[in-house]
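Notes follow once the structure below has been shown.
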Amino acid sequence: MTEGRNKEELEDITLLGNQNNKYDFDYRPDVLESFDNKHQGRDYFVKFNCPEFTSLCPITGQPDFATIYISYIPNIKMVESKSLKLYLFSFRNHGDFHEDCMNIIMNDLIELMDPHYIEVWGKFTPRGGISIDPYTNYGRPDSKYEKMAEHRLMNHDLYPEKIDNR
(Lines of atoms letter the chains of each structure in order from A and count residues from 1; the text may use other names and numbers.)
(Lines give C-alpha, C1' and ligand atoms only; values in the text may rest on other atoms or scores of the structure.)
Protein backbone atom coordinates (compact mmCIF):
# COMPACT_ATOMS: atom_id res chain seq x y z
CA MET A 1 0.00 0.00 0.00
CA THR A 2 1.30 3.45 -0.89
CA GLU A 3 1.56 6.14 1.74
CA GLY A 4 -0.13 9.48 1.19
CA ARG A 5 1.80 12.62 0.38
CA ASN A 6 3.77 14.35 3.10
CA LYS A 7 3.73 18.11 3.77
CA GLU A 8 7.03 18.67 1.94
CA GLU A 9 5.56 17.17 -1.23
CA LEU A 10 2.59 19.53 -1.02
CA GLU A 11 4.34 22.79 -0.12
CA ASP A 12 4.19 24.13 -3.71
CA ILE A 13 0.41 23.60 -3.85
CA THR A 14 -0.98 26.97 -2.73
CA LEU A 15 -4.38 27.28 -4.41
CA LEU A 16 -6.17 24.09 -3.40
CA GLY A 17 -8.34 24.71 -0.35
CA ASN A 18 -7.51 28.42 -0.35
CA GLN A 19 -10.70 30.43 0.15
CA ASN A 20 -9.06 33.67 -0.98
CA ASN A 21 -8.38 32.71 -4.60
CA LYS A 22 -8.39 35.53 -7.10
CA TYR A 23 -10.25 34.81 -10.32
CA ASP A 24 -8.35 36.69 -13.01
CA PHE A 25 -10.12 37.36 -16.29
CA ASP A 26 -6.86 37.94 -18.17
CA TYR A 27 -4.51 35.22 -19.39
CA ARG A 28 -2.26 34.05 -16.53
CA PRO A 29 -0.01 31.05 -17.19
CA ASP A 30 1.85 31.79 -13.95
CA VAL A 31 -1.11 30.50 -11.91
CA LEU A 32 -0.37 26.89 -12.96
CA GLU A 33 1.08 24.67 -10.23
CA SER A 34 2.54 21.18 -10.38
CA PHE A 35 3.36 18.32 -8.04
CA ASP A 36 5.57 15.25 -8.33
CA ASN A 37 4.34 12.12 -10.08
CA LYS A 38 4.77 9.28 -7.59
CA HIS A 39 4.33 6.64 -10.31
CA GLN A 40 7.07 7.60 -12.76
CA GLY A 41 7.85 4.03 -13.77
CA ARG A 42 4.37 3.51 -15.22
CA ASP A 43 2.68 4.98 -18.28
CA TYR A 44 -0.86 6.11 -17.56
CA PHE A 45 -3.23 8.78 -18.81
CA VAL A 46 -4.59 11.67 -16.79
CA LYS A 47 -7.65 13.24 -18.42
CA PHE A 48 -9.37 16.52 -17.60
CA ASN A 49 -12.82 17.30 -18.98
CA CYS A 50 -13.33 21.06 -18.86
CA PRO A 51 -16.90 21.88 -19.98
CA GLU A 52 -16.95 25.59 -19.14
CA PHE A 53 -14.07 27.08 -21.14
CA THR A 54 -14.63 30.61 -22.41
CA SER A 55 -12.46 32.94 -24.47
CA LEU A 56 -13.11 35.89 -26.75
CA CYS A 57 -13.07 36.20 -30.51
CA PRO A 58 -10.06 38.43 -31.31
CA ILE A 59 -12.01 40.28 -34.01
CA THR A 60 -15.53 40.75 -32.64
CA GLY A 61 -14.87 40.41 -28.91
CA GLN A 62 -17.82 38.00 -28.66
CA PRO A 63 -17.48 35.08 -26.24
CA ASP A 64 -16.64 31.60 -27.47
CA PHE A 65 -17.61 28.56 -25.39
CA ALA A 66 -16.08 25.10 -25.45
CA THR A 67 -15.56 21.85 -23.69
CA ILE A 68 -11.86 21.12 -23.56
CA TYR A 69 -10.36 17.67 -23.12
CA ILE A 70 -6.79 17.57 -21.83
CA SER A 71 -5.12 14.15 -21.68
CA TYR A 72 -1.50 13.49 -20.83
CA ILE A 73 0.97 10.82 -19.82
CA PRO A 74 2.94 12.35 -16.96
CA ASN A 75 6.68 12.26 -16.61
CA ILE A 76 8.06 13.79 -13.40
CA LYS A 77 5.50 16.55 -12.78
CA MET A 78 1.69 16.69 -12.87
CA VAL A 79 -0.61 19.70 -13.06
CA GLU A 80 -2.66 20.51 -9.96
CA SER A 81 -6.35 20.65 -10.92
CA LYS A 82 -7.40 23.79 -9.00
CA SER A 83 -4.58 25.76 -10.62
CA LEU A 84 -5.66 24.37 -14.01
CA LYS A 85 -9.20 25.57 -13.33
CA LEU A 86 -7.98 29.09 -12.48
CA TYR A 87 -5.66 29.06 -15.50
CA LEU A 88 -8.47 28.10 -17.89
CA PHE A 89 -10.69 30.73 -16.26
CA SER A 90 -8.01 33.32 -17.07
CA PHE A 91 -8.86 32.93 -20.77
CA ARG A 92 -12.24 34.59 -20.12
CA ASN A 93 -11.12 37.96 -21.53
CA HIS A 94 -8.34 36.58 -23.73
CA GLY A 95 -8.91 37.29 -27.41
CA ASP A 96 -7.59 34.55 -29.65
CA PHE A 97 -8.77 32.08 -32.26
CA HIS A 98 -9.88 28.63 -31.10
CA GLU A 99 -6.84 26.95 -32.63
CA ASP A 100 -4.49 29.40 -30.91
CA CYS A 101 -6.11 28.86 -27.50
CA MET A 102 -5.65 25.08 -27.71
CA ASN A 103 -1.99 25.40 -28.74
CA ILE A 104 -1.30 27.99 -26.03
CA ILE A 105 -2.82 25.70 -23.40
CA MET A 106 -0.78 22.75 -24.62
CA ASN A 107 2.45 24.76 -24.76
CA ASP A 108 1.95 26.12 -21.24
CA LEU A 109 1.30 22.63 -19.88
CA ILE A 110 4.38 21.26 -21.66
CA GLU A 111 6.46 24.03 -20.11
CA LEU A 112 5.01 23.31 -16.65
CA MET A 113 5.20 19.51 -16.65
CA ASP A 114 7.41 18.27 -19.51
CA PRO A 115 5.04 15.30 -20.00
CA HIS A 116 5.81 12.22 -22.07
CA TYR A 117 2.69 12.90 -24.13
CA ILE A 118 -0.14 15.45 -24.13
CA GLU A 119 -3.18 16.26 -26.23
CA VAL A 120 -5.64 19.13 -26.01
CA TRP A 121 -8.95 19.00 -27.87
CA GLY A 122 -11.40 21.88 -27.87
CA LYS A 123 -15.00 21.34 -28.89
CA PHE A 124 -16.44 24.80 -29.39
CA THR A 125 -20.13 25.57 -29.60
CA PRO A 126 -21.34 26.84 -32.98
CA ARG A 127 -21.15 30.48 -33.96
CA GLY A 128 -22.49 31.43 -37.34
CA GLY A 129 -23.65 27.85 -37.84
CA ILE A 130 -20.15 26.34 -37.60
CA SER A 131 -18.50 24.60 -34.67
CA ILE A 132 -14.71 24.33 -34.59
CA ASP A 133 -12.92 21.44 -32.85
CA PRO A 134 -9.14 22.06 -32.84
CA TYR A 135 -6.97 19.15 -31.73
CA THR A 136 -3.29 19.47 -30.91
CA ASN A 137 -0.83 17.02 -29.40
CA TYR A 138 2.82 16.47 -28.54
CA GLY A 139 5.02 13.46 -27.86
CA ARG A 140 8.51 13.68 -26.45
CA PRO A 141 10.96 13.82 -29.39
CA ASP A 142 12.95 10.72 -30.29
CA SER A 143 10.77 8.46 -28.16
CA LYS A 144 7.83 6.10 -28.52
CA TYR A 145 5.64 9.05 -27.48
CA GLU A 146 6.60 10.99 -30.59
CA LYS A 147 5.36 8.08 -32.71
CA MET A 148 2.25 7.83 -30.57
CA ALA A 149 1.55 11.55 -31.10
CA GLU A 150 1.82 11.16 -34.87
CA HIS A 151 -0.49 8.14 -34.86
CA ARG A 152 -3.09 9.80 -32.63
CA LEU A 153 -3.00 12.98 -34.68
CA MET A 154 -3.68 11.09 -37.89
CA ASN A 155 -6.46 9.04 -36.27
CA HIS A 156 -7.93 11.39 -33.67
CA ASP A 157 -11.32 11.84 -35.31
CA LEU A 158 -12.02 8.61 -37.19
CA TYR A 159 -15.42 8.32 -35.56
CA PRO A 160 -16.72 11.88 -35.19
CA GLU A 161 -19.70 12.33 -32.94
CA LYS A 162 -23.09 13.37 -34.23
CA ILE A 163 -23.43 17.12 -33.75
CA ASP A 164 -26.89 18.09 -32.56
CA ASN A 165 -26.20 21.65 -31.42
CA ARG A 166 -23.90 20.49 -28.61
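Just so you know, glycine gets a Cβ as well, placed from its N, Cα and C.
According to Swiss-Prot, the protein carries these features:
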type	residues	note
ACT_SITE	CYS57	active site, thioimide intermediate
ACT_SITE	ASP64	active site, proton donor
BINDING	VAL79, GLU80, SER81, HIS98, GLU99	substrate binding site
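Structure with Swiss-Prot features highlighted.
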residue	record	contacts (Cβ under 8 Å, 6+ apart)
CYS57	active site, thioimide intermediate	PRO63, ASP64, GLY95, PHE97, ARG127
VAL79	substrate binding site	LEU32, GLU33, SER34, LEU109, LEU112, MET113
HIS98	substrate binding site	SER55, ASP64, ALA66, GLY122, PHE124, ILE132, PRO134
GLU99	substrate binding site	ILE132, PRO134, THR136
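Sparsest Cβ environment among the recorded positions ASP64, GLU80, SER81 (other Cβ atoms counted within 10 Å): SER81.
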